[in-house]
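The feature active site is assigned by TrEMBL to Asp155, Asp364. According to TrEMBL, the feature domain 'Peptidase A1' maps to 139-483. For 1-23, the entry in TrEMBL reads signal peptide.
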Amino acid sequence: MDREKFLYFSFLLLLLFSVTARSSSLDGAINGGFEKGVLDLQKLPWKREQKVNCIFQKPRVEKGATSLQMHQRDYCSNKVTDWDKTLHTRLTLDVIRVKSLQSRFKSSILSGETQTLNPLSSDSQIPLTSGARLQTLNYIVTVAIGGRNLTLVVDTGSDLTWVQCRPCRLCYAQQDPLFDPSSSPSYRPLPCNSTACSALQFDTGNTAACRNRNSSSCTYAASYGDGSYSRGELGFETLNLGNNVIDDFIFGCGRDNKGLFGGTSGLMGLSRSELSIVYQTSSVFGQVFSYCLPSIDAGGTGSLTMGTGDFSSFRNVSPISYTRMIHLPEISGFYFLNVTGISVGGVKLDVPRFGSKRDMCIIDSGTVISRLSPMIYRALKTEFEKQFSGFPTAPGYSILNTCFNLSGFQDVKVPTIRFHFEGDAELTVDAEGSFYFAKSDGSQICLAFASLADEDEIGIIGNYQQKNRRVVYDLKESRLGFAEEPCSF
């Protein structure tokens, strides 16, 4: 009898082990043993139509850091959104921006021009570069210039902060009233015969604007390679960021402006140049800023934080990992990083060129879709398709050629894509940032990465892959950091 009980319980244990093993095996077969995140398809903006109150909250000041509420540029649009058209237009304009960037990189490197080739003293150099395509810059904040709240597009690839000014010879439509320098007691034009203006004119090559040395103002002309531009004069004004007041802030007062700027008042330049808002506020914020870009969820909010304080202003859920910024004198305004690898679902791509000088990239708030060299993109595409097999495919869309039909799914598990940088820093792409939603019914959802035209072009980490991440730009220590953070304000 005891022997029969022993055999019976042994059989039960064996059966339980067999079922457990089968369950584990089935789960491994479904997930492939790969690292994955969940993409909730019900969070798409067209799935959650809602009216958003277009009012920016007041800046948040916390122990030496000031945070501004950030939205996508379409946030304050009163128009009924045609999502299919909006998404297609955004990609088309992104292509133009990237072409403009690559053209500038190539011409700067080939010519060997640097922004230090100025005969004037180094402390008077105020470089102004053309930045990049404006029409695809998707994130906006509100700041106070001369006591007026103005909504500006945020761009890490541009130097100059400028706003449209009254009187305006040619201005696009904007939601805020035009800035009127004549009604501001704190506004002063930057004199044409000043040392700062002379340095500016030299760097831009716009010497004709100051032929009359007795002119009362220093003019500027910022063109963006596609017909978009801003022209006007430089001036001094008071800039308010939270409780911080920055006197004699140099900005552009645009009298002649053209481009699809989404109804904003102008542009905030956050590049590495001395004219950018980062350097002009360095005495207050120590040459440090960061942002957390909101998701595509309707009404999603993020933040642009100037300074760090004791890091209490951040809401990151993982430690900040840093990598060093690479300084290229020929293209000194951009943020270059060394990419040492990319992994998909925990599998590192086997690409020989990783870690070489050829794999420097820039990180850019204005480019939408990340661009990879053809060799790296092919490896990414192959590994992603392998791990995401089983889902119905869809035709390619514009520059995106790895697409799926997910119209019948509530949510899907997406292989986690991770950038690896010098110094063991990592940028883990949010599941939402892995796909570009080409069709509003979910029938055409594409891997949100694109190939560059050739191997010699410079890679770009776009804003689509930066969503729900805290990205820290520490110019003082010449480093850039990443951390996971569900963006909100």
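Backbone N, Cα and C define each Cβ position, glycine as well.
Keep in mind it's a predicted model, so treat the numbers as computed, not measured.
DSSP assigns Asp155 (active site) to a strand. Separating the Cα atoms of Asp364 (active site) and Asp155 (active site) is a whole-number distance of 8 Å. Around Asp364 (active site), a 10 Å sphere centred on its CB holds 24 further CB atoms from the protein chains shown.
Over the domain 'Peptidase A1' (139-483), the average per-residue pLDDT in this prediction is 88.
Asp155 (active site) has a Cβ environment of 24 other Cβ atoms inside 10 Å.
The DSSP secondary structure for Asp364 (active site) is coil.
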